[in-house]
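Read through the structure below, which is laid out as structure tokens, and then see the notes.
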Amino acid sequence: MSTDTDNRYSDELPVDDVTPYDSPLSADPREKRDEAVNFALLTMHQVFLRVGWIFKTESIVMPVFMDFIGGGPVLRGVLMVLSRIGLSVPPVLFSRQLKIARQKKWWLSLCGLAMSIPFGLLAWICWQGTWRDTHGDPRWWMPVVFLILYGIFFMLTGMNQLTAHAIQGKLIRVNRRGRLFTASVAIGAPLAILGAWNWMPIWLEEPDTGFAWLFGCAAVAFFGTGLVTMLLREEPDDFQQDRSPVLHYFRDAWRVVARDPNARSLALLTVLMSFMFMLFPHYVAVIDDRPTFDLKRMTSWVCLQNAGTALLSLIVGPLADRFGNRAALHLTTLGLAVAPALGLVGLYLPSEVRLQYAWLMFTAVGFTPVTLRLMINYALEIAPRDDHPKYISTLGLCVAIPVVIGAPLVGWIAREWGYQPIFLLGLVMLLAALVQTFRIAEPRTGESSLLHKALRK
């Protein structure tokens with residue numbers, strides 16, 4: 001006879017820093033088949049997402065496009081504000097609706113289909129060419145329209161990611177999630193890199209229509225994510241939660257951090273790591289500060305960054321499955337700190353030298369999505385399954401709040417005093433994040449944090 005703890009999804013149970021868990025696989029052949037099908041479909045979902053994302057990379061393509069249409073350092077900083085708000089606030093407000101949804105796959109599909117609309121519109125605007133005036137200069141409204149569409153896209157993306165992680169927590173066992181991430185990157189990254197390498201240089205020979213092709217491809221790929229997730233095999237849930245005033249959802253997020261020691265430690269790590277997002281729009285400017293930017297060079301940087309992410313995932317995924325997400329976070333957070341360190345060094349080197357080692361810096365930037373995924377998987381482990389949406393949305397707020405406050409300030413500092421202060425501060429914050437990875441517990445084994453163990457001795 002099975003017990004309450006004899007559960008296929010071990011992280012449905014609350015886990016503290018001294019209670020280990022196990023995750024036995026059910027002997028039911030149907031469950032095994034369903035999980036295999038869902039594993040393949042969720043891999044395809046991530047592959048489509050990765051292919052679409054390479055054509056709108058936040059650290060390269062979007063800042064370059066903002067400058068292309070007449071933006072500057074401050075507006076580049078606004079990009080990060082909009083993306084972090086979209087990835088945090090809508091998920092908090094949406095978490096109850098997702099929790100009580102009987103089948104979450106329909107929300108995942110709807111959000112994926114809707115994500116294609118903003119980039120489809122942006123592609124159409126670029127193709128029409130009406131965003132330039134009679135002198136060929138960008139019209140005043142183009143940055144405004146771009147920011148509005150960008151903000152809408154990330155609102156939908158935030159809901160999409162929350163739903164995807166909740167479904168992953170429901171359908172995929174805890175010790176297979178690293179493999180899911182590795183499989184999606186191992187397949188998706190080469191396809192994305194191949195597409196970018198072959199098409200971006202050709203498209204960007206004529207930048208106006210070139211960006212239209214970039215954004216159009218992104219729209220098609222995001223539409224594909226919505227189609228494949230319709231086929232997921234998902235048993236209905238029967239969770240209940242009373243409707244609450246809007247502010248109560250943010251209060252619930254605060255309670256997660258206040259009441260759960262593991263969530264509190266993870267929240268601090270997330271806040272420290274969030275400084276990486278504030279630096280995203282400024283790496284390109286540090287590497288190439290010439291008045292006219294070579295758009296074709298963007299292709300190699302985008303491909304190298306995605307290649308770095310793919311290679312890292314081949315190591316980190318199995319490492320996380322075998323030893324836990326904490327062990328993998330040690331490695332990826334150290335890699336994150338390399339990016340601002342190289343940016344800081346580059347400020348003292350000639351432009352030609354900076355261009356030669358740009359690939360190394362953007363490879364380090366590629367550690368960001370891997371680190372964020374590991375933190376989300378850690379949150380899935382420490383949360384009861386019916387609270388997965390709440391924990392994930394809380395994690396998003398911990399990333400967003402510092403970025404919303406800090407990104408415009410970082411952009412203003414870069415404009416007034418240059419890039420040295422922001423990259424120095426970024427290096428300090430990410431080194432502090434590395435230290436914090438040794439302070440979180442490992443829920444799989446019930447092992448306390450390494451720092452706690454040292455203090456007990």
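Cβ from N, Cα, C; glycine included.
Curation plays no part in TrEMBL annotations; they are all automatic predictions.
TrEMBL lists 1-11 with the feature compositional bias 'Basic and acidic residues'.
The domain 'Major facilitator superfamily (MFS) profile' annotation in TrEMBL covers 214-457.
Residues or ranges marked as region 'Disordered' by TrEMBL: 1-29.
The transmembrane segment feature in TrEMBL is assigned to 106-125 (among others). Below 8 angstroms of C-beta separation, residues 45, 52, 56, 97-98, 131, 142, 145-146, 149-150, 152-153, 156-157, 159-160, 163-164, 167, 211-216, 218-220, 222-227, 229-230, 232 of the same chain, each at least six residues beyond the ends of the transmembrane segment (106-125), sit close to that stretch.
Annotation comment: TrEMBL describes 140-159 (among others) as transmembrane segment.
The annotation transmembrane segment is assigned in TrEMBL to 180-199 (among others).
Residues annotated as transmembrane segment in TrEMBL: 211-232 (among others). Long-range neighbours of the transmembrane segment (211-232) within the same chain, counting only residues 6 or more positions beyond its ends whose Cβ lies under 8 Å from a Cβ of the stretch, are 37-38, 41-42, 44-45, 48-49, 51-53, 55-56, 61, 65, 68, 105-106, 108-117, 119-120, 122-124, 126-127, 160, 167, 171, 195, 199-200, 203-204.
Positions annotated as transmembrane segment by TrEMBL: 265-286 (among others).
The annotation transmembrane segment is assigned in TrEMBL to 298-320 (among others).
Through the fold, the transmembrane segment (327-351) approaches residues 178, 269, 273, 276, 279, 282-283, 286-290, 312, 315-316, 319-320, 357, 360-361, 364-365, 367-368, 370-371, 374-375, 378, 418-420, 423-424, 426-427, 430-431, 433-434, 437-438, 440, 442 of its own chain, all at least 6 residues removed from its boundaries and within a Cβ separation under 8 Å. Annotation comment: TrEMBL describes 327-351 (among others) as transmembrane segment.
Here the transmembrane segment (357-380) has Cβ contacts under 8 Å with residues 11, 59-60, 165, 168-169, 174, 177-178, 181, 263, 266, 269-270, 273, 276-277, 280, 283, 287-288, 300-301, 304-309, 312-313, 316, 320, 325-326, 328-329, 332-333, 335-336, 338-339, 342-343, 346, 388, 391-392, 394-395, 399, 440, 443 of the same chain, all six or more residues outside its ends. The annotation transmembrane segment is assigned in TrEMBL to 357-380 (among others).
Annotated transmembrane segment per TrEMBL: 392-413 (among others), in sequence order.
What TrEMBL records for 419-441 (among others) is transmembrane segment.
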Per Cβ pairs under 8 Å, the stretch of 140-159, 180-199, 298-320, 392-413 packing most closely against the transmembrane segment (265-286): 392-413
Long-range Cβ neighbours of the transmembrane segment (392-413) (under 8 Å; 6 or more residues past either end): 73-78, 80-81, 84-85, 87-89, 91-92, 94-95, 158, 161-162, 165-166, 250, 253, 256-257, 263, 266-267, 270-271, 273-275, 277-279, 281-282, 372, 375-376, 379-380, 421-422
For the transmembrane segment (180-199), distant same-chain residues with Cβ under 8 A (at least six beyond the ends): 39, 42-43, 45-51, 53-55, 168, 172, 213, 217, 299, 302-303, 306-307, 309-310, 313-314, 316-318, 370, 373, 377
Averaged pLDDT, computed only over the residues in the domain 'Major facilitator superfamily (MFS) profile' (214-457): 83
